[in-house]
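Visitor: I'd like to ask some things about the structure below.
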Amino acid sequence: MVVASLYEQLAALDKSHVWHPFTQMRDYNNADPLIIERGEGVKLYDVLGRAYYDGFSSVWLNVHGHNVPELNQAITDQLGRVAHSTLLGMANIPAIELAEKLVRIAPAGLTKVFYSDSGATGVEIALKMAYQYWHNRGVYAKKSFITMNQAYHGDTIGAVSVGAIPLYHDVFRPLLFPSHVVPYPYSYRHEGGAVGAKEETLSAIQTILETRSDEIAALIVEPIVQGASGIIVMPPGTLRDIASLCRKYGVLFIADEVATGFGRTGAMFACDLEGVSPDFMVVGKGLTGGYLPVAATLATDEVYNAFYADYEEQKSFFHGHSFTGNPLGCAVALASLKLLEDRKIVEGVRVKADFVAAKLAALADRSHVGEVRQQGLMIGIELVREKASRRSYDWADRIGVRASLRARELGMLTRPLGNVVVFIPPLASTVGELEEMTNILARAICEATEGS
Ligand SMILES: *Cc1c(COP(=O)(O)O)cnc(C)c1O
């Protein structure tokens, strides 16, 4: 904890020099910034000593809480050996062990691990590999991708090219390669409900594949839960049917599990919920328990073998990053996966998800709550101006922002997605902690929307 004058100093320097992501700096600079000093368990503490539940897992990353002795120890142990050495043409111990571990827990058929350092780079790698897979096999026409409306796959140009959130992506459209965008099944806002939404998505994919599969390299999807669009859960069976359509028409299937991986949805991976084995799986966020920036793109033998050739053929995957396979990051990822197993975290998520669902059930009746969506410990609450007609709040109402700020005042951090209030607690949260967090959440939403 620091004295108030030091806070003032830090705040002034922050405003002078730090440009924050996804943040309108004019708004930011007009308020007192929240400056975090430390974390302990599922709480973060600011420099003035105030405690907050981490109700969005520091943007969907955190698994075991903060300042976890086992994770700290794994980093310290590795630090005593080496902090970083490259994976370009050589190896290191944690990167090898982590790859073996990932392959063991991943859906069947994913046998190769290509490391990077963020979800976006992991997605770039999947896109480039899918394209070059066909190229290396002499199939040059397959060079475009199918994505879903409102998809989010990260912020680099390739990942934005398969992104479809107008607010984030439209300004960059002239810089991007074009993708085929199909409707995402958004049951709440579809006339035909879940059945109609699922049907529309599958038939749109089928139509494109029937007519243009010879020019499509791959389809990319956020499996089961589309996150950044507002935590939108697919109707059951949709993911499985999309995967089989890809199989049928010879198009590679990329599962972006950056948000959903490592127990978040109540299964180790969202693909497991429907027995889907993708050609590529991208993981990030929770891979290191939310500790360090490591991501990975898993691929099949089939894909790998298309790059496996004589040196002269120049079929290598010419891609890599300075910190690819960073030993500190891989070491903490291994320790996080060990805790995930030892503490039966994934099984725990299912129990805790039921508890949270029961706690939030009453919220669905409130006059400005349109829908409470949940899969495992990913929860999105869509607020509406008018419940019966499902009329949305206007952008200028900042309703999600207001509800989230109220939650902060009440002692829990979260960050909205437009009119959707997000609740994505660390998986290790106890039932008692979830009880307190959901109380804050419900109260913040009621006060922000009903003024009481
Ligand atoms: C967060 C996210 C990404 C991007 O990950 P970064 O580490 O922020 O680059 C990609 N895909 C999905 C589904 C995500 O939720």
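Glycine too: its Cβ is placed from the backbone N, Cα and C atoms.
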Visitor: Do you know which of Asp54, Asp256, Asp394 TrEMBL groups with Gly119, Ala120, His321, Ser322 in the pyridoxal 5'-phosphate site?
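Guide: For pyridoxal 5'-phosphate, TrEMBL names Gly119, Ala120, His321, Ser322; of Asp54, Asp256, Asp394, the listed one is Asp256.
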Visitor: Out of Tyr152, Lys285, Gly320, Arg415, the binding-site residues in the record, which is closest to Gly119 (pyridoxal 5'-phosphate binding site) when you go by Cα distance?
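Guide: The answer is Lys285.
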Visitor: Using only C-alpha positions, which one of Tyr152, Lys285, Arg415 is spatially nearest His321 (pyridoxal 5'-phosphate binding site)? These are the binding-site residues in the record.
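Guide: The smallest Cα gap between His321 (pyridoxal 5'-phosphate binding site) and any of the binding-site residues is with Lys285.
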Visitor: Report the binding-site residues (Ala120, Asp256, Gly320, His321, Ser322, Arg415) that meet this criterion: Cβ distance to the nearest atom of ligand 1 under 6 Å. Use sequence order and write none if nothing qualifies.
Guide: Ala120, Asp256
Visitor: May I ask which of the binding-site residues Tyr152, Lys285, Arg415 is closest to Ser322 (pyridoxal 5'-phosphate binding site) if we compare their C-alpha atoms?
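Guide: That would be Lys285, the closest of Tyr152, Lys285, Arg415 to Ser322 (pyridoxal 5'-phosphate binding site).
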Visitor: Based on the record's binding annotation for substrate (Tyr152, Lys285, Gly320, Arg415), what whole-number value in Å is the widest Cα to Cα distance?
Guide: 32
Visitor: Just to verify a number: CA distance, Asp256 (pyridoxal 5'-phosphate binding site) to Tyr152 (substrate binding site), in angstrom, no decimals.
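Guide: Cα of Asp256 (pyridoxal 5'-phosphate binding site) to Cα of Tyr152 (substrate binding site) measures 9 Å after rounding.
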Visitor: Going by DSSP, is Tyr152 (substrate binding site) part of a helix, a strand, or coil?
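Guide: Assignment for Tyr152 (substrate binding site) reads coil.
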